[in-house]
Amino acid sequence: MRYSVGVLGATGMVGQKFIQMLAEHPWFKLTSLAASERRVGKKYGEEVDWIVSREVPDIAKDIEMVPMDPKHVDADIVFSALPSDIAREVEPKFAEAGFVVASNASAYRMAEDVPLVIPEVNPEHLGLIEVQKKNRGWDGFIVTNPNCTTIVLVLSLKPLMDLGLRTVRVASMQALSGAGYPGVPSLAITDNVIPFIKGEEDKVEEEPLKLLGKFNGRKIEFADIKVSASCHRVPVIDGHTEAVWVEFDREVSVEEAKAAFESLKPLDLPTSPEKVIIVREEPDRPQPRLDRDAGNGMSITVGRIRKDGERGLKYIVLGHNTVRGAAGASILNAELMIKEKII
């Protein structure tokens, strides 16, 4: 069975990445593209300012765009690439109308009854769906994926939790595509690093606590760890690089950490990579140009794992921010829900 799917916010950068990844998906058939009022009724291929790689997929070219209204969208699942302020208004309307909303937006990530999910990290948090539907009286529901920087970070932290992880410090070097299009002005970022991204550090410090927490049948009990973040925009197109310092409640060797990273098992899902975490031994890896497309953009790459004091380690982690960190994350969540027979 193939499920009909739609994209909310279809013309933006993440919306385009959704369309690119859904075009030949074995489980999903792209049927609806929703956009702003000025684009309604126009064919996607004629109206979109296509900025991701390759051409507009044939399946999307002749689809007439519709309003962001449940009455006009013909789909079983909608993927939301909306800005947070618009998502806060639009997504509940779709959930109330019975749609499955797989959202990349930040609007409902930290809501108590909304699952914030990375399939390899906390699939059991999907149990919140029934809590959400009961609380809100909806026929459908919203499931979210984290911020792009958070996803890359937490995929690397999950295997370390069993080693007694207590404290995390992270400095991100975030790609320009994370700011959308047209994004950061060229004169602001050329020959420069911008040491501030509005709202980003709060997300990176808060979201991991929910993701790594426990579902008790009613709500998420947040993880008992501390995360401190400093986020920076750098002149790279795609691929977020993060320098991470971690402390444990005991001494942990580099070899233990490597084994833990490599133990994170992939899922038997269409968008899942063969290896979730790739560990590089070279002293100068990972790098965005060399490693962002690993696993078709769905793997993360860890390198430069070193001791840092008696109970600490430090390492570099990199992931593709618009694939694993955005569209691919929502698609993987939808695949997981199908596998678990939630959809």
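Don't overthink the numbers, they just go from 1 along the chain as shown.
A Cβ is built for glycine as well, from the same backbone N, Cα and C atoms used for every other residue.
The active site, acyl-thioester intermediate annotation in Swiss-Prot covers CYS148. What Swiss-Prot lists as active site, proton acceptor is HIS240, and the listing cites sequence analysis. Among the features that Swiss-Prot reports, NADP(+) binding site is placed at THR11, GLY12, MET13, VAL14, SER177, GLY178, ASN321, THR322, with the record citing sequence analysis. Positions annotated as phosphate binding site by Swiss-Prot: ARG109, LYS203. What Swiss-Prot lists as substrate binding site is GLN174, GLU200, ARG233.
Of all the binding-site residues listed (THR11, SER177, THR322), THR322 sits in the most crowded Cβ setting, with the most other Cβ atoms within 10 Å. Looking only at Cα atoms, MET13 (NADP(+) binding site) sits nearest to CYS148 among the recorded positions ARG109, CYS148, GLU200, ARG233. Within 10 Å of CYS148 (active site, acyl-thioester intermediate), counting C-alpha to C-alpha distances, fall the following of the binding-site residues GLY12, ARG233, ASN321, THR322: ASN321, THR322.
Ranked by CA distance from GLN174 (substrate binding site), the recorded positions THR11, ARG109, HIS240, ASN321 have HIS240 at the top as the closest. THR322 (NADP(+) binding site) sits 9 Å from the residue listed as 'active site, proton acceptor', counting Cα to Cα. Close to ASN321 (NADP(+) binding site), meaning Cα to Cα within 10 A, are the following recorded positions out of ARG109, LYS203, HIS240: HIS240. Compute the center of the Cβ atoms of GLN174, GLU200, ARG233, which mark the site for substrate; besides them, the chain residues with Cβ within 8 Å of that center are THR149, SER172, GLY178, ALA179, ILE194, ILE197, CYS231, HIS232, HIS240. Taken residue by residue with DSSP, GLY178 (NADP(+) binding site) is part of a helix.
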